[in-house]
Amino acid sequence: MFLSESQAAFRTLRKAVPRVRLYFINKNAYSTQVEYKPIRSVLVANRGEIAIRVFRACTELGIKSVAVYSEQDKMHMHRQKADESYMVGKGLAPVEAYLNIPEIIRVCKENDIDAVHPGYGFLSERSDFAQAVIDAGLRFIGPSPKVVQNMGDKVAARIAAIEAGVPIVPGTDGPITSKEEALAFCQKHGLPVIFKAAYGGGGRGMRVVRKMEEVEENFERASSEAKAAFGNGAMFIEKFIERPRHIEVQLLGDKAGNVVHLYERDCSVQRRHQKVVEIAPAPRLPAETRDKMTEAAVRLAKHVGYENAGTVEFLCDESGNFYFIEVNARLQVEHTVTEEITGIDLVQSQIRIAEGMTLKELGLTQENVVPRGFAIQCRVTTEDPANDFQPNTGRLEVFRSGEGMGIRLDSASTYAGAIISPYYDSLLVKVISHASDLQSSASKMNRALREFRIRGVKTNIPFLLNVLENQKFLHGVLDTYFIDEHPQLFKFSTTQNRAQKLLNYLGEVLVNGPQTPLATTLKPSEVNPHVPQVPLDLSPEALEREKSGGAKVTEPPQGLRDIIVREGPQAFAKEVRSRKNLLLMDTTFRDAHQSLMATRVRTHDLLKISPYVAHKFNNLYSLENWGGATFDVALRFLHECPWERLEEMRKRIPNIPFQMLLRGANAVGYTSYPDNVVYKFCELAVQTGMDIFRVFDSLNYLPNLILGMEAAGKAGGVVEAAISYTGDVSDPKRTKYDLKYYTNLADELVKAGTHVLCIKDMAGLLKPESARLLITAIRDKHPDVPIHVHTHDTSGAGVASMLSCAQAGADVVDVAVDSMSGMTSQPSMGAVVASLQGTPLDTQLDLGDVSEYSAYWEQTRTLYGPFECTTTMRSGNADVYLNEIPGGQYTNLQFQAFSLGLGDMFEDVKKAYREANFVLGDIIKVTPSSKVVGDLAQFMVQNNLNGAQVVEKAEELSFPKSVIEYLQGYIGIPYGGFPEPFRTRVLKDMPRIEGRPGAEMAPLDFDKLKSELSESHVNVTDRDVVSAALYPQVTNEFLHYREQYGPVDKLDTRIFLSGPKVGEEFEVTLERGKTLSMKALAMAADLKPNGKREVFFELNGQLRSVHIPDKEAMKEIRIHPKADKTVKGEVGAPMPGDVIDVRVTIGDKVEKGQPLVVLSAMKMEMVVQAPQSGVVKKVEVKKGMKLDGDDLILIIE
């Protein structure tokens, strides 16, 4: 530390000041001779913020400051803040180092130290330390050893209080050391009682006991904590006063026997007997009580011969009676609030008094001590209030403090990169506010705490903010039950911490590679797709309309959705049927990219083009953008919420109806669910922005279809019942699915109340002639029902087929924008638009707009190179008429074949698909039935089997799970029944389902599911619950991922998939008006001992770094396993610390809540309890081990 010239001069002057002797006669324990002797150097026998607080006072007085530090603290800030620093306790435990009296004295003598300041905690209340300092010819900045001993001895302090006429609470006559003595006292005097450490304070070793059966366990834990903190586990017991206020009086005494009080502090806001928030002066304390209390404190101090700074603590009941608790013969953590209201520097006063100056010489007569305003101190600790205030350790990745007028900060390790150790107290920074009244002071504190940004460790700031906003607190209505009686203090808004989470994600990608599986070796392009400009109508008429409360100039023109919103589904259907031109549904937002790019297109890219679509394509029938495979792929691979996708698209496209794919009774899953799950899903979908439900069943199984229709209709959606098409109605040899089959099914669906009838040609099998025959037959039977045709262009005949449908009477056909059309996707939008221009069926879309729209997707598509179907499929292929593979499945099947090592045999897979279809009974093929056929086909190729062999060897083969469940009836009953004898041979005696699978399923308890999710996740929404009802494991993993890595959906696609390049600058817009500027700087070449690699970034111009486990490198390093949070039976360490007791062994039966292991960290002990009942399968820890947070302790089955 460097001194200014004036400070250096003052130091020189101090050396030259002669010693002055002052003589006083005093009948108490004070010296009759007071010698003034300047102090030139002070060693602080402490660490952290209190050490720095004393150093600062020394510097202001021109005194050299000296620090001591443990091995573990060699990088700690207090060492750097001192003029000199010396290590003590090498080889000792972290706390033991600061308790090593001989070594501290040695440092003092070897380095010409004049005085020692003990700070608080550690040796500050050890009389043997004070005596050792004096015996070494040094000055102890504090009370005399005798006073420290007497006031540290709870019994002696009580006796002194009685002698001084100060009220006391009944308690033991002396310290006790055994649980038997504790039990005897409690049996004699009754409960409740409080255990307190006999040789230390600060809440360590303190326990309140209200049940006799808890006495022995609590005594052992309290005594163990006291011994760890103070070196002595002796306890003091006294009766516990209900509903007290905890008020303490600050004193200063000099060597001449003068004592003044600096008024009182209210420390009632405390938890586990540790102070959390302190206020000076105590609000709402009657003046009469204040005067009596301060007078009693001064009287006691004079009686015992107290000198220097100290505190007398009282309990004050509701009637104004107060009782002596103890004397803290040292500086208190909360001395700061007294300094703020009195303007008196207590630490400087301590030093001056130790030099021999009197209070009068310091100007500290009682009449001169005048309190002004109110001060509040909040102790910001690295504890997690949402997890029972468990200590949290680690690296401060980000630290930004709150400052400004009326705010003071006392801290030590508060900078980015600092390591929060598990070895010491969890205090991070003391924040002190000062204002004219309590409410103003609380407001300043509130504002300052909200300015803090602390990342890397959890803090109690959310809890402190709740305290500061509590009305009782703001009005000073406080007692020690304040926290216990206000459970709302523990309801927190989760800190988003989005920027740091994103850095962790990017670091993960850079160190360990892509976080979503990439299907090919192609890389995402570096293009930044051009987004066409959205037109604004700035005409005088439009501006006037906006001014008068009409549509804003930024709003898109009205579309068909306005009819749904205003008049409902039936009016919408009527309007569609009345249109003479052909309407189009655009599948670009869903089925097109499902078919071409394995459903991997992200919300980020969909939202960019959404405003343009809303303005230019307002006359679309609908935009297909949700449901089907997009739901689970979003959760599973893209790590984004499908509900948020729907919601955000609706904000940008308010005018075009949205259409989704609903798999009947399977909702958007691959199996059957309880009926109420399907109903709840549809209800929530409509609330989030869905309009049209294209309801289908993978087997055209009518009961499943009708269940989906009823659920969509009840939710208020447009019901578009779909007939899944297969076969060929123009081929007289294909008799199973003939024209009559389809018209009969159409009759049933119309009868069931569908608003729109859909032909779902999922494989693109509908040839132009078949289309004419089918649509004509249905139109003739149902002239008033709108007909919508969906197809795929796998064969290349899609445009011709859709034009044939339109000419035969279809109202709507599906297309995809040109650059996203063709092959397994839908027919080209531009081709259909151009083909019908100038005809009665003209789509009324502008070909130029289609071209701009297509240009965006042509560029965007290159970002998804790793999933590009053209890697393996160069063009359409008419062999689809043979294998009948659905377009949405084709590319997925191809990628699966590659992953199974069958990439070179895909032609065989396609042929096997056709055979598998007939083995299964020539079924309708669409998810999930198409998956059954695909799984069987790949099984056949892998095992070199043909269809006949599969049927022949069915009894001895191990079939894919999907095949077995299909044959059991889990997805419904196929038209014509199950294939025999194949079914019987496969199933043998396995159970079979008759009828609709979901009909017999019990309703799902959504409240119970939400409760279960909330045990593992924060802020669980109804959307999360419905997602979990459909995809339990996938949703659970997604929620964990989002909590760990944040809104990864906001990253640009290339950055998301493969990470940024070193040196690359990029932006991430989190929400409107909030954009992060990021830059990837470097990745460390060397590996940390724990297997982590440091990755450096620049965030908004500031250096940030994250530590990422290198998964490949860690295979060669022995690292303690982490508990998997998704597995309930894996018990992880709730906090870093030492294992001090293991109470179970492998094979033990345990009950939920049973103690398993005892951990110790930050001088606090914690019992880890069983999260569930079961048997201990594995124990990963033993006594004496050091654990990090989330380290695996044991596994319960």
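Backbone N, Cα and C atoms are what each Cβ position is placed from, and that goes for glycine too.
Positions annotated as active site by TrEMBL: Arg330. Within the same chain, the residues at least 6 positions away from Arg330 (active site) whose Cβ sits under 8 Å from its Cβ are Pro118, Gly119, Tyr120, Ser124, Glu125, Gly142, Ala309, Gly310, listed in sequence order.
According to TrEMBL, the feature ATP binding site maps to Lys154, Glu238, His273. Neighbours of Glu238 (ATP binding site), defined as other CB atoms within 10 A of its CB across all chains, total 20.
Taking a C-beta cut-off of under 8 Å and a sequence gap of six or more, His792 (Mn(2+) binding site) has these contacts in its own chain: Ser595, Asp761, Met762, Ala763, Gly764, Gly798, Thr824, Ser825, Gln826, Pro886, Gly887, Gly888. Summarising the annotation, TrEMBL assigns Mn(2+) binding site to Asp591, Lys760, His790, His792.
Taken from TrEMBL, the feature substrate binding site applies to Arg663, Thr927. Thr927 (substrate binding site) counts 25 other C-beta atoms within 10 Å of its own C-beta, drawing on all protein chains shown.
Marked as domain 'Biotin carboxylation' by TrEMBL: 38-488.
Per TrEMBL, domain 'ATP-grasp' is recorded for 158-355.
Residues or ranges marked as domain 'Pyruvate carboxyltransferase' by TrEMBL: 582-851.
Feature annotation from TrEMBL assigns domain 'Lipoyl-binding' to 1128-1197.
Around Lys760 (Mn(2+) binding site), the same-chain residues six or more apart in sequence whose CB sits under 8 Å from its CB are Arg694, Phe696, Ala722, Ile723, Ser724, Tyr725, His790, Val926, listed in sequence order. The N6-carboxylysine annotation in TrEMBL covers Lys760.
Per TrEMBL, the feature N6-biotinyllysine maps to Lys1163.
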Item to complete: From the binding-site residues Asp591, Arg663, Thr927, pick the residue whose C-alpha lies nearest to the C-alpha of His273 (ATP binding site).
Response: Arg663
Item to complete: Have a look around His273 (ATP binding site) and count the other CB atoms within 10 A of its CB, chains all included.
Response: 18
Worksheet item: Taking just the CA atoms, what is the gap between Lys154 (ATP binding site) and Asp591 (Mn(2+) binding site) in Å?
Response: 77
Practice prompt. Enumerate the residues of the same chain, Asp591, Lys760, His790, His792 excluded, that satisfy the criterion Cβ within 8 A of the mean position of the Cβ atoms of the recorded Mn(2+) site; list them in sequence order.
Written response: Thr587, Asp761, Met762, Thr791, Asp814, Gln826, Gly887, Gly888
Worksheet item: So for His790 (Mn(2+) binding site), how many other CB atoms are inside 10 Å of its CB?
Response: 29
Discussion item. Please report the Cα separation of Asp591 (Mn(2+) binding site) and Thr927 (substrate binding site) in Å, rounded to an integer.
Written reply: 13
Practice prompt. Please give the greatest C-alpha separation between any two of the ATP-binding residues Lys154, Glu238, His273, in angstrom, as a whole number.
Written response: 17
Response to the item:
Same-chain residues at least 6 positions away from Arg663 (substrate binding site) with a Cβ under 8 Å from its Cβ, in sequence order, are Gly628, Gly669, Phe696, Asp697, Ser698, Gly708, Thr927, Pro928
